[in-house]
Amino acid sequence: MQQRGAAGSRGCALFPLLGVLFFQGVYIVFSLEIRADAHVRGYVGEKIKLKCTFKSTSDVTDKLTIDWTYRPPSSSHTVSIFHYQSFQYPTTAGTFRDRISWVGNVYKGDASISISNPTIKDNGTFSCAVKNPPDVHHNIPMTELTVTERGFGTMLSSVALLSILVFVPSAVVVALLLVRMGRKAAGLKKRSRSGYKKSSIEVSDDTDQEEEEACMARLCVRCAECLDSDYEETY
């Protein structure tokens with residue numbers, strides 16, 4: 001009976017130890033952490049960057065590998081589009097041929113790639129997998145890519161912003177110019193009624209003021225011409 005009790009006590013004592021080892025094992029298994037953007041939006045013909053970063057408890061060696069895969073919408077089939085091990089190996093077949101570029105740096109924990117000349121057909125889910133032995137088990141983040149055309153609304157917003165930057169200052173200048181001209185006209189009428197005659201100094205000041213007003217008017221015209229040219233280039 002005493003032997004059974006001793007064996008039972010030893011067995012019970014093993015449970016806390018196994019628990020510690022188990023939790024330590026879980027910590028080691030997930031010591032490689034990978035992060036990527038959940039959603040990325042791009043436009044047709046404009047280069048898109050798919051960002052992926054990782055943190056590993058082990059030093060980076062030539063055994064580190066990076067794999068990017070692509071899954072089309074409404075499909076369970078995935079295809080490899082990029083592989084890295086000491087050197088980058090973008091896919092040489094399929095729709096992504098000659099369009100995948102390496103823009104990462106493994107020594108900085110960056111496993112990002114870019115897609116050139118994207119099209120609407122590139123919409124889908126991209127996955128980034130990193131293995132850095134002995135860290136080989138990790139989460140697999142997924143990025144949902146949405147590629148669209150730059151529509152009229154996007155161009156219109158750019159034109160609206162340009163209009164605000166050009167027209168608002170011009171409107172302020174014109175308003176100030178009109179106020180000054182109105183005050184000057186009112187003063188001239190008042191002086192003409194009272195038979196007042198200007199001195200040579202006042203005549204000189206009026207000439208300088210007229211030149212300043214003419215300069216401001218030319219500035220407004222230049223701003224309007226600049227806006228017209230930018231608007232034509234946009235469309």
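Heads up, residue numbers simply count up from 1 along the chain you see.
The backbone N, Cα and C atoms fix where each Cβ goes, glycine too.
All protein chains considered, the CB of CYS52 (disulfide bond) has 24 other CB atoms within 10 Å. According to Swiss-Prot, the disulfide bond annotation covers CYS52-CYS128.
Annotation source Swiss-Prot lists domain 'Ig-like V-type' at 32-148.
Among the features that Swiss-Prot reports, N-linked glycosylation site is placed at ASN123. The local packing around ASN123 (N-linked glycosylation site), expressed as other Cβ atoms within 10 Å of its Cβ over all shown chains, amounts to 15. In this structure, ASN123 (N-linked glycosylation site) belongs to neither helix nor strand by DSSP; it is coil.
Residues annotated as signal peptide in Swiss-Prot, with experimental evidence given as evidence: 1-31.
Taken from Swiss-Prot, the feature topological domain 'Extracellular' applies to 32-158. In terms of DSSP secondary structure, the topological domain 'Extracellular' (32-158) contains 13 helix, 59 strand, 55 coil.
Taken from Swiss-Prot, the feature topological domain 'Cytoplasmic' covers 180-235, and the record attributes it to sequence analysis.
The transmembrane segment annotation in Swiss-Prot covers 159-179, and the record cites sequence analysis as its basis.
You'll find the Cα of ASN123 (N-linked glycosylation site) roughly 18 Å from the Cα of CYS52 (disulfide bond).
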